[in-house]
Each structure stands twice: as C-alpha cells, then as structure tokens.
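Q: Structure below; questions to follow.
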Amino acid sequence: MKFIVKLYPEIMMKSKPVRMRFTKMLETNIRNVLKKVDEDAKVQRQWDRIWVKVPNDKPELAQAFGERLACIPGIAHVVQVDEYSFTSVDDIYQQVLPVYRDQIAGKTFCVRVKRTGSHDFNSIEVERYVGGGLNQFTDAIGVRLKNPEVTVNLEIEGDKLYMVTKRIEGLGGFPMATQEDVLSLISGGFDSGVSSYQFIKKGARTHYCFFNLGGAQHEIGVKQVAYHLWKTYGESHKVKFVSVPFEPVVAEILEKIDNGQMGVVLKRMMMRTAARIAERMGIQAIVTGESLGQVSSQTLTNLNVIDRCTDMLILRPLIAMDKQDIINECRRIGTEDFAKSMPEYCGVISQKPTVKAVLAKVEAEETKFSEDLIDRIVEQAVVIDIREIAEQMNTRITETETVVAIDTNEVVIDIRAPEEEENKPLEIEGVEIKRIPFFKLATQFADLDKQKTYLLYCERGVMSKLQALYLIEQGYHNVKVYRP
C-alpha cells in the first residue's frame, strides 16, 4: 500500500531550482514526521509528487500515516493507492473489475485516469474501455460523467496501475522551513492560535512568545495550545517557547501611566520586548493575532502608534478577518476548546481607553517607566525547546501522582484525540474508562463525579501531565496520571 503526495499548486508554479528546493524540503519533513510513527516508513521524491510506502507487514499504519500527511504544510492532497502491474488496457480492466464490482452495483459511476510515461494508449482510451466494461458486466445503473455516485480513480505510471482507495485533503501552503522563522505572540485565546497556525501553514518555523500577566494556570494553558499546534502541524522542526514574566510591567503601568493610554502602552511594551527576544533568536518578524477594530487598541491609529515602538516587522494575518471566521478556523485546527477554557487576566483595563492615541503623548507617558525595565524583563525570560515541555512539567507536578496500578473508585480517562483512540483503543478489564479528548477535558471535568479519582491516560504521557497540572491549578485534586 502506498500514498501519492501531490504538491500544492503554488509549489508547482515556482522556478525549477525553487521547486526542487521546496520538494526536497517537503520530502524531508514528511520523513521526519512519519519516522516518529514507524521507523520503516519509506519516502521517495519525484519531480511532481512524493511517494510514501506503508510497510507490507504493517497495513494498520495506513490510517496513522494518512492523518499525519493531512497535517503537513505544502501538500495539496494525498491519495492512498493499491499497486498492480499490467500489460495491456484489457489487463487494467480485468484488475479493476473485481475491486469495483460491488461498489458500483446499483449506482452511477465514472472512470477517471491520470497517466505518466510512454504508452500506446492515452488516458481517455483507458477511461472508455474500463468504463464500458464495468457498465456492461456489473449491476451499475450506468455511467454519469457529472456528479457520479462512485468515481473510479486510476493512476498509471510505466507498467504500474494504482487504484485510488482514498483521497485525503492536505493543508496547502508551503513546506515547513522554506520561509524564514517568525516569533508568534501567543495568549492561548482564539486569535493567537489561528495566527500562529497560518504562519506554520505558510512554511515559517513558528516560535512562541508568551507574556505572563500573572498565574501559573495561564502559562500551563498556553503551553498546551503551543504544544498542540507544534505537535499537530509543525512537528518536523524544532521550535522554542519563550515565557516572559510581565507582571513588573503591568505593575508600573497601573501605577504610573495615564488611564486612557494603558492599553496602547502595554502593547508597545510587549512589542519592544518581543523584538529584543526575536533579535537574540535571529528572527526578523513578530506575528500577532490582532484584528482591525476588535478592541480599542486595534484601531488603525492605535496600531500605527504601536508599530512605531520598534523597527521589527510586525505581521497580522487576521487583520481583516471577522471574529466568527476566526472562531470557525480555531475549531477546525483543534484549539477552540483550549481557548474557551483559557483563564483571562485583565489587569490592565482602561476606564476610557483611547481609540486615537497620539504618538507624542504615548511616548511622554513611557518616560515614566524605570530605565532598565525592558532589560530586566528580557533577562528573566525563560526559553525552552517546545519538546522539553513534558520534562518541565515533570519537575512541577509535585501534587500529582503517577500510577501504574488502578484502585477501586478510580476511573481512567483516555484523553487522546478521537482518531488516535480509535486506532489503539484502551481496554482494561474491570475498569471504567471514559473517553474525553484532551481539548475538551477542561470544560467537561467539572461535570464528573467529584467523589471519584480520575487517572489521565495518553500514549506518551506528555498531554496527560499537562492536563493534570492544569486541573490542579484550577483546584481539582482528584486527578492522577496513569502510565501503565
């Protein structure tokens, strides 16, 4: 069994050297991701496609491979195929007939063929011959070229016939690391998750910068969002997570800054700090989730004033998106439930925030800050490899027990994603198992029986530890991590 990976059309339009570079990078990215599923995964690049072979002795990996390929930037779509050899057009028909006989019975159908290589026939001739045979020697209702109930998709390359058994839509965009790195300001809400995702999809290695306005609970939640985005869409490359202790800045704003200017000043301080951090990391652009007119600091006038605080390029991919469209995209990429349960820290709220800030007035207010404030904040920032989140959580989960055995009155919660849980169902004799995906746990845990203890389970133990710490920070102490 094989997958044929089709390149995103924008890649196909590039010049030959650029197209070759992009295709090589996509091949490497696919290999990096699939090797984590199975070491025997085979990936082979051609000019206009990439082949992925599922090991013959492990057909059950097909679903896992397909799910991972669907989340790798740079792919238009993927087709899962079964491979056959043929000697003639009639031989093609004879091999297609037993496969599709039952599938097209009582239905309309059509045959579509894509062909590469030198043959004594063309694609249309194969479509007519195979379609005519299926129409005559099966119980199909007939051929319908527009909107058929079943489409028989065939691909021919040399003397090989590939019958398409499944088509999987890809992300599109460019392969990861074909564009330069960016630093995304992430709060864990609806907007910042989507803006981060859009740059991952565009092929930029996206690092994360979190401004902690107070509370370990918020930082844990944001790390879950960042880890989910990286693990799902950007796992082929290492990225950094930067946590900036911003409480001192908030304290000085509340104490020294004019009430109406607080929101704009806070954003300018964030941009200055992020720019300094980005420069240290060799990054030339900052990404934010700001959308025009969404809040008072996001008017054109205020955004212009905010941008004047640094020479660093500030990118706002959501600038013209409606809030509902952002939420819909958030739901599609799997961060909606995180955003819904994210704690809000509104320490800097102006009574009458200005929507038309004056640069000179804002700069005058900023002279009231301590001279070394930004320097201190940047020095205190904690930078970690996003893959180290699990190890970091291990040192912090002092209130949470990790268990290998299950006692009475304990319930196991399988927090894996639905596809992963379906692939490898967790079954423990005599034990109650609830299935709540990690991205829904924060909103559903409060409804569970508080008299019972809950053991969180996931494959590698990373997300279960994050979720356990998050729940403990919310005040739940009837939770442990299950590692059989």
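Backbone N, Cα and C atoms are what each Cβ position is placed from, and that goes for glycine too.
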Q: Given that Swiss-Prot annotates Leu185, Ile186, Lys267, Gln298 as ATP-binding, name the residue from Gly260, Gly289 that shares the site.
A: Gly289
Q: For Leu185 (ATP binding site), which DSSP three-state class applies?
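A: Leu185 (ATP binding site) sits in a strand per DSSP.
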Q: Considering Cα atoms only, can you say which of Leu185, Lys267, Gly289, Gln298 is the nearest neighbour of Cys458 (active site, cysteine persulfide intermediate) among these binding-site residues?
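A: Ranked by Cα distance from Cys458 (active site, cysteine persulfide intermediate), first place goes to Leu185.
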Q: How many neighbouring Cβ atoms, not counting its own, are there within 10 Å of the Cβ of Leu185 (ATP binding site)?
A: 25
Q: Out of Ile186, Cys458, which of these recorded positions shows the lowest number of other CB atoms within 10 Å of its CB?
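A: The recorded positions Ile186, Cys458 were compared, and Cys458 has the fewest Cβ atoms within 10 Å.
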